[in-house]
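What TrEMBL annotates here:
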type	residues	note
ACT_SITE	Glu25	active site, proton donor
ACT_SITE	Asp158	active site
ACT_SITE	Glu265	active site, proton donor
ACT_SITE	Glu294	active site
BINDING	Thr383	Ca(2+) binding site
DISULFID	Cys222-Cys251	disulfide bond
Amino acid sequence: EFEEARKWVANDLVFDKNVDVNLFESTIRILGGLLSTYHLSGDSLFLEKAKDIGNRLMPAFKTPSKIPYSDVNIGRGTAHPPRWTSDSTVAEVTSIQLEFRELSRLTGDEKFQKAVDEVMKHVHTLSGKNDGLVPMFINTNSGQFTHLGVYTMGARADSYYEYLLKQWIQGGKKENELLEDYMRAIEGVKKHLLQRSEPKKLTFVGELAHGHFSAKMDHLVCFLPGTLALGAHNGLAADHMKLAETLIETCYQMYAQVETGLSPEIVHFNLHAQKGHKDVEIKPADRHNLLRPETVESLFYMYRFTGDKKYQDWGWEILQNFNRYTRVPTGGYTSINNVQNPSNPEPRDKMESFFLGETLKYMFLLFSDDIDLINLDKYIFNTEAHPLPIWVPA
């Protein structure tokens with residue numbers, strides 16, 4: 001299968017196309033995937049392709065502030081913000097660093113690393129943070145945060161925090177600004193975003209909007225227990241591991257308390273005990289499941305670092321529910337519209353690439369007891385589950 005795929009990459013993967021792509025998604029999926037495959041196979045074809053796409057993404061950084069545009073035309077070499085705004089998403093511009101830094105290391109061309117390091121240095125100095133928590137948008141002209149006052153660990157901010165820690169690990173734990181920003185952010189989470197639900201008293205991560213707490217938690221936030229565990233494994237505060245353990249329990253409950261045993265895209269937690277109510281409430285607009293990986297990803301880290309088999313058991317339960325409610329008899333898996341209806345979960349006929357790239361890959365790793373199947377002291381995963389080497393292995 002790999003040979004077949006290699007042949008396709010060699011003969012059919014052509015980037016010289018007049019097409020707009022999203023800088024962030026193309027970096028984490030395509031560039032990250034090619035770099036990872038190069039490392040795991042040693043085949044220079046993949047590095048050549050990585051260099052090609054890397055060069056084609058560079059025009060995104062030609063902005064007044066050096067904060068990249070969201071979209072780039074990889075054939076024409078032009079870039080632009082989304083149709084409706086000159087803002088970029090904070091998570092998107094701060095979650096391309098692992099890949100571009102690695103491309104510089106492999107090619108000896110420092111322009112890739114310079115472009116993405118500049119973004120991190122700039123964000124490090126920006127005002128508008130709240131105890132290390134960042135807003136969701138940043139303007140490509142002014143370089144300033146916009147839409148201030150809303151803080152979330154979910155969509156549009158999530159992987160900023162993940163990449164602070166992972167760049168610090170990737171670079172051999174030398175870049176202190178990254179670590180400072182990460183540690184400060186986790187303190188901000190503890191101070192502003194943590195609450196406990198009723199009746200099970202689950203610790204969850206909510207959102208802050210203009211000083212008001214909202215008990216809303218995206219499934220995306222379930223990356224956090226794994227990231228906290230990875231930090232603790234790399235010598236950070238032991239209470240990060242404690243928090244990881246309580247949060248992964250919550251993420252598991254986001255599956256277990258639902259009729260299909262699959263988590264919706266977003267849940268709201270009950271802060272007050274009500275008779276007959278679970279911890280988790282689901283609004284009709286949020287009850288879809290896109291086969292997302294974040295909980296399974298965190299289960300993998302938790303199992304690797306604690307050896308506690310319950311994390312494998314939880315992953316196995318989730319996998320069985322994916323098989324029960326999302327597997328398509330003719331092949332593949334599908335997103336579903338309604339996790340609350342086991343008799344008709346309303347299949348969407350759409351499978352995101354991250355289901356194969358992340359969800360199943362983390363399942364596979366979770367169920368293996370071979371710690372050298374991607375050793376976490378030698379590799380760091382990008383946010384699309386593509387392993388890249390740690391420059392100075394622990």
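Just so you know, glycine gets a Cβ as well, placed from its N, Cα and C.
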Find, for the listed active-site residues Glu25, Glu265, Glu294, the residue with the lowest Cβ contact count at a 10 Å cut-off, counting only other Cβ atoms. Glu25
Asp158 (active site) has its Cβ surrounded, within 10 angstroms, by a count of other Cβ atoms equal to 24
For Asp158 (active site) and Cys222 (disulfide bond), the CA-to-CA distance in whole Å is 10
Report, as a single number, how many Cβ atoms besides its own are within 10 Å of the Cβ of Cys222 (disulfide bond). 29
Give the distance between the Cα atoms of Cys251 (disulfide bond) and Glu294 (active site), rounded to the nearest whole Å. 9
Inter-residue Cα distance where the pair is Cys222 (disulfide bond) and Glu294 (active site), in Å: 5
Are there any residues in the same chain, six or more apart in sequence, whose C-beta is under 8 angstroms from the C-beta of Thr383 (Ca(2+) binding site), and if so which? Ile28, Ser95, Ser159, Glu162, Tyr163, Phe223
